[in-house]
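Engineer: Quick paste from TrEMBL:
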| type | residues | note |
| --- | --- | --- |
| ACT_SITE | Ser93 | active site, phosphoserine intermediate |
| BINDING | Ser93, Asp305, Asp307, Asp309 | Mg(2+) binding site |
| BINDING | Glu399, Ala400, Asn401, Arg524, Pro525, Ser526, Gly527, Thr528, Arg533 | substrate binding site |
| COILED | 415-442 | coiled coil |
| DOMAIN | 80-126 | domain 'Alpha-D-phosphohexomutase alpha/beta/alpha' |
| DOMAIN | 147-196 | domain 'Alpha-D-phosphohexomutase alpha/beta/alpha' |
| DOMAIN | 207-312 | domain 'Phosphoacetylglucosamine mutase AMG1' |
| DOMAIN | 326-462 | domain 'Phosphoacetylglucosamine mutase AMG1' |
| DOMAIN | 504-552 | domain 'Alpha-D-phosphohexomutase C-terminal' |
Amino acid sequence: MGGEWGQSDICPEAAQEWTVQVGQDLLVDMDLGAITKYSALHAKPSGLILQYGTAGFRTKAEHLDHVMFRMGLLAALRSKQTKSTIGVMVTASHNPEEDNGVKLVDPLGEMLAPSWEEHATCLANAEEQDMQRVLIDISEKEAVNLQQDAFVVVGRDTRPSSEKLSQSVIDGVTVLGGQFHDYGLLTTPQLHYMVYCRNTGGRYGKATLEGYYQKLSKAFVELIKQASCSGDEYRSLKVDCANGIGALKLREMEHYFSQGLSVQLFNDGSKGKLNHLCGADFVKSHQKPPHGMEIKSNERCCSFDGDADRIVYYYYDADGHFHLIDGDKIATLISSFLKELLVEIGESLNIGVVQTAYANGSSTQYLEEVMKVPVYCTKTGVKHLHHKAQEFDIGVYFEANGHGTALFSTAVEMKIKQSEQLEEKKRKAAKMLENIIDLFNQAAGDAISDMLVIEAILALKGLTVQQWDALYTDLPNRQLKVQVADRRVISTTNAERQAVTPPGLQEAINDLVKKYKLSRAFVRPSGTEDVVRVYAEADSQESADHLAHEVSLAVFQLAGGIGERPQPGF
Ligand code: 16G
Ligand code: MG
């Protein structure tokens, strides 16, 4: 994590005097001697402050041993409190190989509840001698029954540091008397899936890798069977796996769905370094193809990120131009298809698309004006989008960076059950919807699942990658970073689209935006790096670049820029 934010700022309760009377029962129920002994084996480097950010804790792997042990403790407490299985994933997603991270997964496969994120930060930052006190404090505040059983499932990515760190998580779970299942190597969305399955009595699926592979592949093959032969007849796809876990899992899975799609894996971890010059984050932010992949014109390609929860597509056209198809265009393809299915079934179920401020203006316009699908904007970070998407019968959410999925309410499942009585054509559409629902990972955005959904839709609609890309044209855009002394001086409103502080910044942005056509710009403090992010779009790349630069200068001047002034040119 960036930002060495002061401990008392992020964890007020840890700075308070320890005056709460600890109930005798609590002390008996926690084996404090064992906790102290094990904690010393996973000692916290004194003074190190980290924060549970949008994607959990993330920093250099060598600083994370104590965090892992303590997140094991916290997961056990959360499991006791919710009387459910809790997940712990050891990964740092698209970060460099030397980094690592950890996040907790709540009972329905969702991100950890916000109040527990605060507990996570307090517990991770408590100095060794205060750790027990913070642990007891959390148990009291959350009324955790310590006699309740705890069950925690653990997964990890392929980083060299992940195996040892996940063992530290397990140490934390067991010292609180919790049971665990170590899934070993998993993609992040696979762990979310396992947690969801385990807490819904198997109704969502079987909580094994075999269960995951079979559920998705069966749905995919069923869908492909219904496709007539048009579009790209021979269905094959090149997949850049970012030298990460996605390669291992896709390789395990491919024979389950090979009758519907053949995948060719690149950056499969056999040579290159994780996320280095490859993967979804690299392709999206540099707007160029990954290294290590040979691409012929009009070949459909996609990239996963390091833990396989993001996906972007791309291709080269016949003139040698690179075309990126990001999360916005993925959301458009998916929501258009789902809306058409609903119309065919004749249902009045509602559908909504959730985006963030980063969504390209053309995508929002296309969805609202051409597809007539309502679009909503939330703050960046999957938990915000996921939460909003739950409000609809069908909620499709995607960040432009390729992280997203679709959620289906019980009303949709009920309608499908009733479809037996419908006429043939409607029944067929309902069956298709049923398979599409099975193919989505509703617990979390999932590169493998999204890839199969996209491939199925392209096949069913007979669309080539170029036709998909041509749905609308992205407005040229530019993203920049600005270094400031304290990024907290920037606060935002309206789903991060407007700056509230520092004074004058939003007015300056408004004035700059007025100078360009079809333009829009916003700034926000990053939740994962110690920088301020700047986004600008306009009618031409030159204008978008100029606008982004001018906004960066405004941030530098008004929000306490440090180091060199932002320079023009990219
Ligand atoms: C995290 C978020 C991702 C978001 C990104 C923004 C999750 C699982 N991941 O990676 O959704 O796009 O942060 O990063 O929520 P930023 O705040 O540094 O721009
Ligand atoms: Mg990721």
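Here the Cβ of each residue, glycine as well, is placed from N, Cα and C on the backbone.
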Engineer: Which recorded positions among Ser93, Asp305, Asp307, Asp309, Glu399, Gly527 have CB under 6 Å of ligand 2?
Structural biologist: Ser93, Asp305, Asp307, Asp309
Engineer: Who are the chain neighbours of the coiled coil (415-442) in space, where the CB to CB distance is under 8 Å and they lie at least 6 residues beyond its ends?
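Structural biologist: Residues 109, 189, 192-193, 196, 204, 215-216, 218-220, 222-223, 226, 337-338, 341-342, 344-347, 349, 405-408, 449-450, 452-453, 456, 460 contact the coiled coil (415-442) from elsewhere in the chain.
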Engineer: Write down the Cα-Cα distance for Asp309 (Mg(2+) binding site) and Asn401 (substrate binding site), rounded and given in Å.
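Structural biologist: Given the Cα positions, Asn401 (substrate binding site) is 11 Å from Asp309 (Mg(2+) binding site).
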Engineer: Which of Ser93, Asn401 (the recorded positions) has the most other Cβ atoms within 10 Å?
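Structural biologist: Selected residue: Ser93.
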Engineer: Please report the number of other Cβ atoms within 10 Å of the Cβ of Glu399 (substrate binding site).
Structural biologist: 25
Engineer: Return only the integer: C-alpha distance in Å from Glu399 (substrate binding site) to Asp309 (Mg(2+) binding site).
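Structural biologist: If we compare the Cα positions of Glu399 (substrate binding site) and Asp309 (Mg(2+) binding site), the gap is 12 Å.
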Engineer: Among the recorded positions Ser93, Pro525, Gly527, Arg533, which ones place their C-alpha within 10 angstroms of the C-alpha of Asp309 (Mg(2+) binding site)?
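Structural biologist: Hits: Ser93.
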Engineer: For Gly527 (substrate binding site), which of the recorded positions Ser93, Asp305, Asp307 has the nearest Cα in space?
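Structural biologist: Smallest Cα separation from Gly527 (substrate binding site) among Ser93, Asp305, Asp307: Ser93.
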Engineer: Looking at the binding-site residues Asp309, Glu399, Arg533, which have a C-beta within less than 6 Å of some atom in ligand 1?
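Structural biologist: Close enough to ligand 1 are Glu399, Arg533.
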Engineer: Let me know how many other Cβ atoms fall within 10 Å of the Cβ of Asp305 (Mg(2+) binding site).
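Structural biologist: Here the count is 33.
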Engineer: For the Mg(2+) site given as Ser93, Asp305, Asp307, Asp309, which other residues of the same chain have their Cβ within 8 Å of the site's Cβ centre?
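Structural biologist: Residues close to the Mg(2+) site, other than Ser93, Asp305, Asp307, Asp309: Thr91, His94, Asp157, Thr187, Thr188, Gly244, Ala280, Phe304, Gly306, Ala308, Arg310, His403, Ala447.
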Engineer: Look at the binding-site residues Asp307, Pro525, Arg533 and tell me which residue has the greatest number of other C-beta atoms within 10 angstroms of its C-beta.
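Structural biologist: In terms of Cβ crowding, the pick is Asp307.
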Engineer: For Arg533 (substrate binding site) and Asp307 (Mg(2+) binding site), what Cα-Cα distance in Å is obtained after rounding to a whole number?
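Structural biologist: Each residue's Cα considered, Arg533 (substrate binding site) and Asp307 (Mg(2+) binding site) end up 23 Å apart.
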Engineer: I want to verify one value. Collapsing DSSP to three states, which class is Asp307 (Mg(2+) binding site)?
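Structural biologist: Once the DSSP labels are grouped into three classes, Asp307 (Mg(2+) binding site) ends up as coil.
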Engineer: Compare the Cα of Pro525 (substrate binding site) against each of the recorded positions Ser93, Asp305, Asp307 and report the nearest.
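Structural biologist: Nearest candidate: Ser93.
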